[in-house]
Amino acid sequence: MCSCVHVSYRDAAVGECSFKLTLLDCLQGIRKALQHGFVDFERFDVEEYEHYERVEHGDMNWVVPGKLLAFSSPHPHSRMEHGYPLHAPEAYFDYFQQNDVTAVVRLNRKLYDSRRFEDAGFEHHDLFFLDGTAPSDLIIRRFLHICESTEGAVAVHCKAGLGRTGTLIGCYLMKHFRFTAAEAIAWIRICRPGSIIGPQQNLLEEKQHSLWVQGDVHRCKQKLVQQRLRRQQQLHGPQAAKPRLLCSMEELSVSSRHAALSSDESDHQEGRPTQGDHLRALKGRPPPRATSSRLDLSKAAHRSILPPARSLKGPAPLPSSSQKLFRSSAPLPSSSQKLFCSSAPLPSSSQKLFCSSAPVPSSSQKLVRSSAPLPISSQKLVRSSASLAMQIKR
């Protein structure tokens, strides 16, 4: 009896692998996502997923639908650079507004002015840390606080939207949904392949227990707040005081200009190509199969991300003459089919075949004499066959 060996999954980084996933980890991650309603196989839209994950359509993936969206970093202007499409912040506005995204978190160095998002009504937060590294406890706490205090969805990005982005989203999954580190990594990579790289995997494994405890405390406090609110409503009516957000980090500011974190970016400018640049380049390679229409970035600097082509206006209906032609129930004789398909003069054998063939059925004659105008291609076809028949009779 042969023994089956299952190859484990590793990260997208180059070098020695320090953390491996199994097929069971992936299945358990999907099971946990199903339990919390992250995915519904009956309603999952494959075309929409494949459309928006492409770099020319935004390079976006929902990890927690309605709450956490991962995407790659916007740029100052929408343009093509070495065959790679880059998007300005304005390109995302329509999609974010349609999907109730109210806050943007940037984890990489500043490539665009955050005021462009803020002027459009979005909150913007900067939590910079180096590409390929693990975030500090302070950054993790601030990120979780931003997600918990934001009513709508939060769009998170780093350079490629894979390593740093996936790591912080994994912390949220472990705290609020009790994912294990392996389940969180597996689910995030299923949603957005290539996420969480190198030491970031080991960090999630180390933080698993503490984030579970923080999540339990957070949920207990939420229950106490709800109980207190219900008592106040019973005593003072439904217009009682609204519940206040409980958070264990009241001493921290969620301002995007936090001094303790902005100084880190000035000390570590990502001038040379980083791991995020290499991952973006790999993801930007065109696939071997045909895809939907690409976003033309050369025409408009502030053009929005386009929806999938299937949601646009469908093809125009066929003209009535073509519909009659397709609905005709009288098939043409085999000799006539050969005559219609041939463009060169017929040889003698084909002439004999044509002359000996049965006359065209009356239904086909009515079709040719139809008063409805035929398409130009059909008119040329009828004229060429008529002239060819006249030559044969002569």
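Using the three backbone atoms N, Cα and C, a Cβ is placed for every residue, glycine included.
Taken straight from TrEMBL:
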type: DOMAIN; residues: 59-216; note: domain 'Tyrosine-protein phosphatase'
type: DOMAIN; residues: 141-203; note: domain 'Tyrosine specific protein phosphatases'
type: REGION; residues: 257-330; note: region 'Disordered'
type: COMPBIAS; residues: 319-330; note: compositional bias 'Polar residues'
Inset, instruction - Check the domain 'Tyrosine-protein phosphatase' (59-216) for me and report the mean pLDDT. - result: 97
Inset, instruction - Report the DSSP secondary-structure composition of the domain 'Tyrosine specific protein phosphatases' (141-203) as helix, strand and coil residue counts. - result: 40 helix, 6 strand, 17 coil
